[in-house]
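As structure tokens, the structure follows; a few thoughts come after it.
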Amino acid sequence: MKQTKSYLVSLTIICALFFFFGFITWVNGVLIPYFQICLELTNFQASLVLFASYSAYFVMALPCAWILKRTGYKKGMVLGLIVMAGGTILFLPAAYTRTYGLFLAGLYLTGTGLTLLQAAANPYIAVLGPIESTAKRVGFLGISNKVAGMISITLLGSIFLLNADEIIAKTANLNPAQKSAMLDEYALKIVNPYIAITGALLLMAVFIYASGLAEIDDTQSSTQPGGKSRQQKGSVLQYPHLLLGVLALFFASACEMIPVDSIIIYSRALGLSMAEARQFPTYGLCAMLFGYLSSILLIPRYVSQQQALQFAAVLGVVLATIAYVSGGMTSIYCLVLTGFGTALLWGTIWGLALRELGEHTKVGGALLLMAVIGGAVFPLLFGRLIDANPLAPQRSILMLIPLYLGILAYATWGHKLAGWSKQSANVLS
């Protein structure tokens, strides 16, 4: 009973953390068009929002793993929240000076804090229970994350993008001085919300520090589902199922970010108004929410993590193909619906990639976090493709198809490899 209570307390606290992840992360979908207006950016320039946020994962993941080895999971989470607060407070001078570089610096620092948090939280949740049910536990976290994202996009979108179409129309007819004054005022919409966000992050740090969140022994991840312990290898590079999982997550990060964070610029390129386009990130998160609910109900009782990942990859290929050939509103809604499958990607890849790592779990988790840079690189390419094809923006969707095919390859055989030699292939259960 005591162990069950500790499990539920830990799961609840991590769910609360993922609520903060979601609120901070998914607002990027609103920040992109907001910065595009107040800073007069192209689609490519505006997509640097995602690059600044997610490049931090690549740069800081291994240093964060080093920090966690010395602080433990709990203190690492507290430190991550404090670093995030340092990033969000930078939005204040950035707004008052209307300086894109400061905004990007704030996003990078926030991303660094998120990296430390996730470097602690993701391996923690993976080994909190049986490794084969990781995707189910991640389903609970995903629901918390996506509900927070829906609240964030709806609430902050109604503030940051209020009367955006009217502002765009007005500034088009103003002289440079008048236009600058109007955009200076518009940029200040971000100040009060980010003061509140900074305060909430610091309060959450205090709560985590004072909580009963238990440290766990991550060497249990070296135990196989049947209870046998596998001999540990000397280097994390000797685990192909992990390294191929990193590549799969690199692709998956792009597939997850684009239907939410890039869908406004895609919808605008297809001719929709800002008032119409800003609704679609919420729809994408709703699709993800249903995906996470499905993972909770089905994994691992009815379908394995491998089968769920295969389904998500095939669904992504089908929907991306339809989105490309159709165009218009059908294309937008197909992109939205890919969110259902992307909800299955994160938890299943983490669950398959972190099996039997034992003492290498923290470093393995850091390598997986580095793969999140896919959410920085591919949206930039997506924005560039839209800029390059103003008459056929649906061509940008084509980039998703090879990404989903790469994920399908991992789900089919890559996750089974226990070693790089032929003799050791296909032995992981």
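Using the three backbone atoms N, Cα and C, a Cβ is placed for every residue, glycine included.
Curation does not apply to TrEMBL; its annotations are automatic.
Copied from TrEMBL, the annotated features are:
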- 7-27: transmembrane segment (TRANSMEM)
- 47-68: transmembrane segment (TRANSMEM)
- 77-96: transmembrane segment (TRANSMEM)
- 102-126: transmembrane segment (TRANSMEM)
- 138-162: transmembrane segment (TRANSMEM)
- 194-216: transmembrane segment (TRANSMEM)
- 237-260: transmembrane segment (TRANSMEM)
- 280-299: transmembrane segment (TRANSMEM)
- 308-326: transmembrane segment (TRANSMEM)
- 332-354: transmembrane segment (TRANSMEM)
- 366-386: transmembrane segment (TRANSMEM)
- 392-413: transmembrane segment (TRANSMEM)
Top partner of the transmembrane segment (280-299) among 77-96, 138-162, 308-326, 366-386 - counted as Cβ pairs under 8 Å: 138-162
Positions whose Cβ lies under 8 angstroms from the transmembrane segment (77-96), at least six residues beyond its ends: 17, 20, 24, 67, 71, 102-103, 105-117, 119-121, 187-188, 190-191, 194-195, 197-198, 201-202, 204-205, 208-209, 213
Interface present between the transmembrane segment (102-126) and the transmembrane segment (237-260) (three or more C-beta pairs under 8 A): no
Two-stretch contact, the transmembrane segment (138-162) and the transmembrane segment (47-68), at least three Cβ pairs under 8 Å: no
Cβ-Cβ under 8 Å with the transmembrane segment (194-216): same-chain residues at least 6 beyond its ends: 6, 9-10, 13, 16-17, 20, 23-24, 72-75, 77-78, 81-82, 84-85, 88-89, 91-92, 95, 124, 127-128
Candidates 7-27, 102-126, 392-413; stretch with most C-beta pairs under 8 Å toward the transmembrane segment (47-68): 102-126
